[in-house]
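Structure first, commentary second.
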Amino acid sequence: MSLPPEKASELKQLIHQQLSKMDVHGRIREILAETIREELAPDQQQLSTEDLIKALRRRGIIDDVMKELNFVTDSVDQELPSSPKQPVCFTDRQSTLLKKSDGTRMADSTTMLSISDPVHMVLIKTDIFGETTLVASYFLEWRSVLGSENGVTSLTVELMGVGTESKVSVGILNIKLEMYPPLNQTLSQEVVNTQLALERQKTAEKERLFLVYAKQWWREYLQIRPSHNSRLVKIFAQDENGINRPVCSYIKPLRAGRLLDTPRQAARFVNVLGYERAPVIGGGGKQEQWCTLLAFLCRNKGDCEDHANLLCSLLLGYGLEAFVCVGTKAKGIPHAWVMTCGTDGTVTFWESLTGHRYIHKPVNPDESPVAEQPKPLYPYRTIGCVFNHQMFLGNCQPSDSVEICVFDLNDESKWKPMSEEAIKSVCAPGATTSLPPFPPLCASTIDASVTSNEIEMQLRLLVSEHRKDLGLTTVWEDQLSYLLSPALASYEFERTTSISAGNEEFQDAIRRAVPDGHTFKGFPIHFVYRNARRAFATCLRSPFCEEIICCRGDQVRLAVRVRVFTYPESACAVWIMFACKYRSVL
């Protein structure tokens, strides 16, 4: 196999740099001066190449050089592409090394300057109960280090609050930036500042033009039917910093790698992330706040829009045609969910807060009242618009009722589209410097077995103390507790796949474990947090569960089983089952 001339030249340069770095020439000179001459006969003063190679190999110098030389292929380094057109994800969630390489050579300062993605820093507060609060979200422009001496610079930034407190300072952060390994040639600060100013100017112009276009689109939409003014057509949404962004910028095809295997498993992952509406001060309805993906994942909870945006991004990553739907559910409450359109025309709704899926079958309003019509099972009432990372469509059908809507998105008489080029100009990767980068999903750091045991032991202690306060003794039966495991696994499998399996074996095992004349009672419950005391308090609010925990009778045996199922970002589904068996004395 022969190398192209430019590759051969580059390889020679790399080898030369490595030899210079290891001072191989100096080591060879020392050997020549101190060792080899002594081994030669007095009448032999000329060294052959073969003699020199043998001496170097005998002293291990050749082996040392070959170990230090690493030959790489032309495959792109997946940790950080140097191409400015691809998004680079910097997150503060784990210690990472920023590589200035595309897999074959070091990136120069000019290439680094073209990487416009900021470092997104998220500040989270966690209380003693494990509850998280988003404190600040900041986008750091790191490229000032490219123009600093020795590739080191220090910055002081002011962190602002989020949501209604986005104008309130929460603190000062001192940052030291260092480029490693150092650049061969640094840029002047003037060049860096000029580049940043040009990017800001281009971004501002693109956003201005898109705003002008959006206003014109909205005027045309209202001219179709005046009642459109009351429909939930969401073109812009405020992020946690109070910045208005096009809704399409919150979506991007997201691949989960090997962390999630199927679209339904992805829906389950999004479902177990906590639900929390944005806090509002005073009355007046719902607070407007759509979180960037990193803020949502770091906090591990968010509003329905955050869940829908993440689920849509994951489904797009699996190759499905997915859209976020904005509309209302019962009682006119604003809501967001996900829709996928199959190649056969099947429209499926995905509820991101529960993981449930619904097939949409439109009702024909012109049908005879006697004719049988499909009954919708989904909770959605109206729909104003649908969108993803490339498309935005406003519902312009006579009625915005979901049950009679036709989801033929190519029919412009039913769905008014925005220009895909206009959306691309502000929402495509690298289109503007104001777009936050999408971070990759991180594997869970929770040990499922250890956590399950810890919660189970805590619950046993809480139950024993509760029964002691009631004047009751507590006898645990470990075997009965173990027999509850298949049921918990079956419940989680059903939540993920909508398929029930394994119940027959569980029921048969329980029948064998409960003697004749005894009664068995079990109560399963599901949580998305790992606080045992909080879970126990919730369980006691169920009359059926309280009846089991406070069971009185003859030969009462109690059992509890906890099973933690882990998902990316340390999200988890916690299944708990309390059970008891006792002798019936009727």
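Cβ coordinates come from backbone N, Cα and C, glycine included.
Straight from TrEMBL, the features:
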DOMAIN    10-69  domain 'CEP76 N-terminal'
DOMAIN    97-184  domain 'CEP76 C2'
DOMAIN    288-418  domain 'CEP76/DRC7 peptidase-like'
DOMAIN    445-583  domain 'Centrosomal protein of 76 kDa C-terminal'
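For the domain 'CEP76 C2' (97-184), the model's average pLDDT works out to 83. Taken residue by residue, the domain 'CEP76 C2' (97-184) breaks down under DSSP into 16 helix, 38 strand, 34 coil. Across the domain 'CEP76/DRC7 peptidase-like' (288-418), the DSSP tally of helix, strand and coil residues reads 27 helix, 42 strand, 62 coil.
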